[in-house]
Amino acid sequence: MGRVAIVSSMVILAVVISSITSYQVKPANYAKLIEKQKKFDEAFEKEFYVEHTKYVETGEQSERLQEMFEHIRQEPDMFRMEMDNHPLPYLTAECTACRALVTTYLTYRRVLGWDRDRIALQAASTCETLNILTPPNCLKIVNKNIDILLYIIDNRPSLTAQTICGIIFQSGTCVLEDPAFLNWSINVQPGGRPITASKTSPNRGASDLKIIHITDVHYDPHYRTGYNAVCGEPCCCREGQGIPANPADGAGEWGDYRDCDSPWKAVEDAVRAAARQHPDAAYVYYTGDIIDHGVWETTVAGNIVSMTRTYQLFRDVFGSKPVYNVLGNHENNPTNVFAPSYITQSEFSAKWLYDFSADQWSTWLPTASQQTIRQGGFYTVLVRPGFRIIGMNNNDAYTFNWWILYDPAYLQAQLQWVHDTLLQAEAAGEKVHILAHIPIGAGTSYRTWARQYRRILDRFWDVITAHFHGHTHADEFNVFYSLANPQHAISAGFNGGGTVPFSNYNPNYVVYYVNPQTYDVTDFESWYFSLTEANQNPNRNPIWMQLYSFSRDFQLSNVSPASLDGLVRRFASNPAELRRYWEFKVKRGDPFIAAGCDGDCLLNHLCQIVTNEANDDTKCNALAAIFRNLDDELFNEEK
């Protein structure tokens with residue numbers, strides 16, 4: 001379901017999807033299937049415009065238009081998934097929808113001269129037809145996004161449906177072909193230590209630093225215990241959705257596996273539990289997404305209240321302990337959209353968010369960091385001699401950030417700053433942790449941006465000792481491979497999961513052990529509680545338990561890129577071990593465990609670990625060749 005359906009169906013999908021990211025392994029005949037699909041999409045696109053135009057003129061949907069809407073209608077369970085995890089048939093239908101809807105609405109605007117209000121009403125009607133939100137909420141979400149989209153479309157007359165959908169999906173028939181979106185680059189300084197092997201690191205030691213990683217609390221001030229958790233919208237358990245007739249459909253006291261965010265008591269409990277159980281931690285990382293998924297009714301004022309309350313909780317609980325934050329894609333209003341700094345119109349600019357963050361984060365960051373935070377929500381700080389943090393705002397490279405369509409090259413500025421900061425760190429003999437909300441290289445990271453980041457990582461692989469992410473709500477890791485030497489694993493990314501259950505997860509946080517000389521992560525462990533058990537005992541606080549200790553549970557001496565690369569290859573030849581990783585990744589959420597994960601599912605999760613850039617299937621294909629040679633009985637569950 002595309003994205004600029006000018007603000008119709010894909011607008012909604014884009015702002016509410018979030019859950020577990022995976023990777024969709026392509027079949028052997030994928031190229032032939034795509035050629036066939038291209039012809040189908042071209043014909044569908046033309047026919048949809050004709051049928052939709054008749055509907056606009058007569059007010060009556062033809063039988064054929066109803067069939068076409070049914071073809072592109074989103075399955076309800078897709079709303080809880082990040083685009084990466086949508087099965088290929090759904091991605092194919094979404095791409096078809098994107099091209100048809102965008103072409104139709106671009107024609108209405110550019111050829112027929114429709115005004116803003118007419119487009120808004122028709123887009124809301126499309127949202128309603130596709131059963132994405134209730135009619136009032138469809139109109140709300142359209143109105144939150146349409147002015148930005150029309151500004152971009154009106155000022156970029158060469159922007160086509162193919163380019164728009166190619167940015168959003170980056171796969172299938174939605175292939176990005178426009179050179180302006182593919183060919184920009186940053187300047188990378190020659191030098192650095194040559195990459196001759198996968199990177200190793202020390203084993204865990206008694207003097208290691210401890211770092212707490214909390215992410216994605218998604219505090220919903222409208223959450224109400226007992227209210228409808230099966231509301232038919234992308235985010236439930238909210239006061240405006242009423243109390244269901246069946247008490248089993250009511251929201252739990254401590255959160256809910258269904259499409260619900262966190263009540264304040266659950267946010268507070270998670271933060272206090274992390275501090276209580278790990279008082280010896282040196283630092284805290286928070287990798288974004290404080291704001292809830294009720295994206296159709298967020299406001300700047302409301303977001304400020306939620307963020308202020310959360311940051312104050314960190315101050316109250318952690319005291320003088322430094323908390324290093326980055327922004328999530330939900331922090332801005334509208335969700336996902338982060339305009340270039342030169343876009344100064346108040347209704348488009350994210351300056352309010354950057355200024356607010358600079359003020360709030362000043363508790364933990366030096367004055368020198370203020371300039372870049374106010375400029376674009378990113379910063380660097382020297383934590384201690386030899387150890388530096390770079391906090392990125394890579395939400396600008398999220399494929400659901402409309403402003404990429406306006407000016408893809410505006411992303412150069414922050415990446416060049418990252419490069420230059422690393423160059424200075426290298427000269428000073430410092431090691432660096434990178435904090436970013438969206439997993440770098442994930443399928444929803446803009447492909448050209450991911451390629452340029454990989455160039456930076458190849459150059460500074462010996463300076464960057466780890467990456468820390470959020471966004472997916474999954475407790476997972478990624479291995480980064482050299483762009484120039486793909487056989488070598490040069491870095492790792494660790495995801496903190498999330499304290500929010502949205503959707504089907506147990507809440508968690510992660511603790512890392514970090515060598516105090518090299519600043520490599522030597523081990524990590526995850527802590528969680530069973531949401532089922534907590535809601536069965538609503539009058540006491542949840543019982544937090546260790547989910548795993550990674551090196552112990554997977555028999556590793558350390559968690560270096562080299563060691564994790566070896567583990568990934570073990571996973572490929574040992575589905576039982578891969579299944580165990582998957583159980584940890586989904587944090588033993590009861591709905592996930594009940595649904596299971598068969599061989600194809602496991603392979604998708606395996607490939608996600610090693611994919612650093614959209615459409616780069618090299619590592620996946622190598623692992624898939626090993627995995628698929630196993631006896632099916634070893635990994636296929638009965639269905």
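From the backbone N, Cα and C atoms, a Cβ is placed for every residue, glycine too.
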Pick from Cys138, Cys174, Cys231: which cysteine does TrEMBL list as forming a disulfide with Cys95?
Cys174
Please name the residue among the binding-site residues His218, His437, His471, His473 whose C-beta has the most neighbouring C-beta atoms within 10 angstroms.
His473
All-chain count of other Cβ atoms within 10 Å of Asp216 (Zn(2+) 1 binding site):
28
About how far apart, in whole Å, are the alpha carbons (Cα) of Asp216 (Zn(2+) 1 binding site) and Cys138 (disulfide bond)?
25
Neighbouring recorded positions, C-alpha within 10 angstroms of His437 (Zn(2+) 2 binding site) - of Cys95, Cys174, Cys237, Asp289, Cys597:
Asp289
Counting every protein chain present, what is the number of Cβ atoms, excluding its own, within 10 Å of the Cβ of Cys236 (disulfide bond)?
26
Within 10 angstroms of the C-beta of Asn329 (Zn(2+) 2 binding site), what count of other C-beta atoms is obtained when all protein chains are considered?
27
Of the recorded positions Cys237, Asp289, Cys601, which sits closest to Cys174 (disulfide bond) by Cα distance?
Cys601
Nearest of the disulfide-bonded residues (Cys127, Cys138, Cys236, Cys597) to His471 (Zn(2+) 2 binding site) - Cα to Cα:
Cys236
Out of Cys127, Cys138, Cys174, Cys237, Cys601, which of the disulfide-bonded residues has the smallest number of neighbouring Cβ atoms within 10 Å?
Cys601
